[in-house]
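Visitor: Okay, so TrEMBL annotates it like this:
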ACT_SITE  Cys324  active site, nucleophile
BINDING   Cys195, Ala196, Ala197, Pro198, Gly199, Gly200, Lys201, Asp218, Asp251, Asp269  S-adenosyl-L-methionine binding site
DOMAIN    97-397  domain 'SAM-dependent MTase RsmB/NOP-type'
Amino acid sequence: MAALMDTRILLRKIKDLRCLTPRRNRVKAKWAGSQPKYPATNLALQNFDATYSLQLGEQWPSVRVSMLCEQKYGALVNNFSTTEGVIADLQSQGCRDFVCQPVGVGGLERLQAPGFPLHDNPSTLESVGVSQDVAPPHLRTNIKCFVFPGGDISRFKPSRPDLYGMLGYYLMDAASVLPALALDVQEGHSVLDVCAAPGGKTLALLQTQAIRFLCVNDISVSRTYRLQRVLNSYVPKELLTEERMRITSFDGRKWGEIERDTFDRVLVDVPCTTDRHSVMEDENNIFKRARTKERQRLPQLQTELLLAGIEAVRPGGQVLYSTCSLSQLQNEYVVERAMHLAREEHGISLQVVDLRPITRLFKDTFHFAPDLHLGQLVLPHLTANFGPIYMCKLRRLN
């Protein structure tokens, strides 16, 4: 026992054990081989500083600081679990359901009033084909997403399963619920989610409990498996049958060839630069030098995916395009290009549906970019650190 104690004391005094290692086995750590000289997060931030400072102007410093701070989340309540205790617990923590809460006194009534002006500059919107005859938003209020008040950066507790093994809520960026709300799914609709993984927006669509048939797709097999695990944790098995849902791993760009003129609603949530992830995490960062060509091809990929979604929707149906990027090149320009190709190469006429009623309804929860000529963009803000999320809704006319 005394010998053991003496050995421990000796080891504590030895600060560098390399003297005990044979010289032939010593390895000198090479800095250049252990970590990149320019981390992907730094490259992303440099790229955004050069691009978004011109695009956003005076708003960029605020957005920049927000993206570098901890992101806020929302708790999407799972209607397939026992919700009473879950909602009561969330409310006891000071959370509120931003979907059902009105925008001040009489806010919702003003939006639904027949004389309420939807557009500040109708001539500008007409020039890009935005619908001027827009009905008030008919939201699926059975989608419930709880958030902490503005400025409150508290974290949600992990969700727990109920007696049937269904988790009570799904944690996600609350702004990611907006595309599911804006898609306006009605009773009996068939819906296609072209790029569904990891599954947050798919789960939000299922909470409407109005979909007759849902097709979820992602080209990545591993991401599709993750999507299946999410669905198995939140949705009963009887709703995951082949008659109600189909999960595939096809190339979304080919969907117009697979099922054309089929779906009532199509969600095209495309791969993008995922701006917030790119400035915070080096893992799976698209700004790595090895992925430069992949990043440069993103607008082309996004255009092809949106065009496939346009072909897959039936005449009179609606397509919602969304990204989690601030980039105009991946947002407005992709929509414009896809509309042009649909008209010139496929003879498909489209109408942009104005989403300003949605932004007015949720202006107390999210910070929206002003004066976008196509679609709406949620900007990260320190008091409402959600997003970025871009969305644009198209109606197929023929």
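Positions of Cβ are set from backbone N, Cα and C atoms, glycine also.
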Visitor: Once near-sequence residues are set aside, which residues in the chain of Lys201 (S-adenosyl-L-methionine binding site), 6 or more away, have Cβ atoms under 8 Å from its Cβ?
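Guide: Set apart from Lys201 (S-adenosyl-L-methionine binding site) by at least 6 residues yet with Cβ under 8 Å, we have Ser176, Val177, Pro179, Ala180, Asp193, Leu267, Asp269, Ser322.
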Visitor: So how far apart do the S-adenosyl-L-methionine binders Cys195, Ala196, Ala197, Pro198, Gly199, Gly200, Lys201, Asp218, Asp251, Asp269 get, largest Cα to Cα in Å?
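Guide: The widest Cα-Cα gap among those binding residues is 20 Å.
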Visitor: Compile a sequence-ordered list of residues in the same chain as Ala197 (S-adenosyl-L-methionine binding site), six or more apart from it, whose Cβ lies below 8 A from its Cβ; state 'none' when nothing qualifies.
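Guide: Once residues fewer than 6 apart are set aside, Ala197 (S-adenosyl-L-methionine binding site) is near Asp218, Ser220, Arg223, Thr224, Arg226, Leu227.
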